[in-house]
Amino acid sequence: MTVNRNIKIAAVVAFLAIVFVAVPAAISSSGRFDLYYTLTSVALLSIASAGVWLTFYIGRINIGQGAYALMGGYVSAILVMNHGWSFWLTLPVAGLFCAAASVLIGLPILRLRGVYFAMVTLVLTEVARLLALALPITNGAKGIVSIPLPGALSIFGLTIIPDFATLQNSRLAFYLLAVTLMVVCFAVMYRLVNSRIGKLCQSLQQNEELASSIGVNIAWLRVIAYAVSSFFGGVSGAIFAAISQSIYPSSFTVTDSVNFMLNCFLGGLGYVFGPMLGTLVLYFGWDLLFQTGQFQLLIYSGLMIVLMLVLPNGLLSLAETTRKKG
Amino acid sequence: MAEMLEVSGITKRFGGLVAVNNVSFSVREKEILSVIGPNGAGKSTLFKLISSFLRPTTGEVRLKGERISGLAPHIAARRGVVRTFQETTIFKNMSVRDNVIIAHHLRSKASLFGFFLGTGTAKADEAAFGQSADEILALLGLSSLANETARNLPHGHLRALGIAIGLATNPSILLLDEPFAGMNHDETMRMVEMVRRLRERGLTILLVEHDMPAVMKISDRLVVLNFGQKIAEGTPSEIQANEKVIEAYLGSEDEAIGL
C-alpha cells in the first residue's frame, strides 16, 4: 500500500518536474520557441477533452464540447472588450457561464442515451457556431479581434501574475498558465473518479435503472457531471481566445468537438489521464503526418481505425497489460 | 400486525389497455406476500407501480401511511421501498463487493462534496459501508466471490447479488421480481431459504413470481391477479382451494398450483 503510494507520489513529482522545468529548459536551449504554442494548445485541448471524458464516464457520448469552448471564449472576450473586466476574472466566469448553460441544456437532453445523445450534442456545436454568427453581441463573422493580453493579477497589492503585455516571452507565460490549469484540472478529475462520486458515475454508466433503485438521484448526478464537463470546456475556450487575442464563430467547430472525443478514445475511456495522453499523441501525430501531404487525412483516419480495433481500451491499456504481465 | 404497505384502488392504463384494474391489498409488517397470476395478468406492471418505476393512472400506494406512488424511483427507495430486478441487473464491471458498497448510497451521511474532499464523515461512511457489505455478502453466501468482477458470476449467484444490492439500501420492504425464474429445484430451495432468512431479520417482503410450488412454500399470503384484476387473496391453502384461481389456471391447474 505504502509502496504503491510512494510510486504515485514519485510519478506526480516527475510529471511536474517535466512540464514545469524540463520542457521550458529544453525549449530555451534548443531555441524552438514555437513548441510553446504547440504544447500550450495540447494542455488546453486536454482540459476540454477531460470534460468530454467525464461525460463518457457517466455513459454519454459527448460530441458537443466545441460549443462550450466557443461559448467560454466569447464570454471572456466580450467581458474583456465591452466591459473592461480583467481576463483573470473572466476565466472562472466563462467556466461558470458554460456550466450554467449546460445545466439548462442538459436537463432535457441528458435523458437521451447512446447515439441519440451523441447526435444532439453534435448539433449543439453547430448551433453555437450559428448563434455566434447571428447574435449582435458576438459581432458576427468578423468575430472579436485585438483582445488585449491578460493584465496583471494582484491580490492585496501583491502581484501574483505580471501583465502579459510587459513580458518578453508571453509564450512561456501562456504555457505555464495552461499547464498549471491542466494539472489542477486533472487533479480534480483524479479525486472525483477515485472518490465515491466516481463509483456513482460508474453506476450510472453501467445501469441507470439499478442506480435509481438504490436511491441514486440519476438526473441530478448526470447534470452535475455534465456541468463540470462544460466548465472545463469553457475555461479552455477562454484561454484560447486570450492567446490568439481573437475569437470567431469558426474558432471551434464540429471537427474540434469530434477531436475532443477522439482524444478520449485514443487515451482510454477507463483512465483519468487518458484524455491527456490522447491529446498529446493525436496533436503531434497529426503534425508528424503533415509531411505525407495529400495522404495526411487518409493515413491519420486509417491509423485511428486500426488503433481502435487493436486497442479498444485506449493507449493506457497497454501500460496495464504490461504491468499485469510483469 | 401493523400494515407496512397499502395498495388502494390502483389502476394503470396504457392507451386503451388496462394493465392493472382497481387492485387493492396490503402487506403486513414482516410478512412474505406473493403476487401470482398467469402470463399477462399485470404482475410486472403492478410491481413497477409499487416501486414507483411507473406512475398509476388512479389509486395510490402508501408506505406506513405515507403516499409513495408518483414519486421518482430514487425517492421511493429513500423512503424504504426497494426493488430487485428480474433479469440479471447488476453493475457488471464492478467487483461483487463494490456492487454492494455502492448500494449503501442511501445510508451516507457525508455529502458528495464531502466525499470529494475526503472529510472525516466520508471516511467513516466508507469504513461502515465496507463492513456492512461484508456482512451482507456473508449472509447471502457470496463472501468467497467478493472480489470477483460481477459479470463473471454464475446465474444463481447473480440473483443473490441482486438481493444483496437491495438489502444494502436498508429497505423497509423489499420487492423481489421473480426471484426463482430460471432456477432448478436445488437453486430454488436455496433461494427460498435465503428469503426466509431475510424475513427473520425483520424485513417485509413482497414478491412477484411464476414458480407455484416455491410460492406456496414460502408465502404467508398470496394475491392472485388475472387480466389486471385481483381475483383472490388469502393463505396458500385458501388459494389452492379457490375456484376462481383454478379456473384462471385451467388446463394445468393441478401441477401449476402445486396440488
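Glycine residues also receive a Cβ, built from the backbone N, Cα and C atoms like all the rest.
TrEMBL entries are annotated by machine, without manual review.
Given the ranges A:10-28, A:143-161, the record in TrEMBL names A:143-161 as transmembrane segment. At the 8 Å Cβ threshold, with sequence separation of at least 6, the transmembrane segment (A:173-193) comes into contact with the transmembrane segment (A:35-56) through 3 or more pairs. Note: the stretches the transmembrane segment (A:114-137) and the transmembrane segment (A:298-319) are not in contact (fewer than 3 CB pairs below 8 A, sequence gap of 6 or more). The transmembrane segment (A:260-286) makes no contact with the transmembrane segment (A:87-107): fewer than 3 of their CB pairs lie within 8 A, with pairs spaced 6 or more apart in sequence. Of the recorded ranges A:35-56, A:143-161, A:223-248, A:298-319, the transmembrane segment (A:63-81) has the largest number of C-beta contacts under 8 angstroms with A:223-248. Packing against the transmembrane segment (A:35-56) from elsewhere in the chain are residues 23, 27, 62, 65, 68-69, 171-172, 174-175, 178-179, 181-182, 185-186, 189, 192, 201, 225-226, 228-233, 235-237, 239-240, 243, 259-261, 263-264, 267, 269, 272, 274-276, 278-280, 283-284, 287: each is 6 or more residues past its ends and has a CB under 8 Å from a CB in it. Tertiary proximity for the transmembrane segment (A:298-319) is limited to same-chain residues at least six positions away from its ends with a CB under 8 Å from its CB atoms, namely 262, 265-271, 273-274, 277-278, 281, 285-286, 289, 292.
Residues of the same chain lying 6 or more positions beyond the ends of the transmembrane segment (A:143-161) and with a Cβ under 8 Å from any Cβ of it are 74, 77-78, 80-81, 86-88, 170, 173, 177, 241-242, 245-249, 251.
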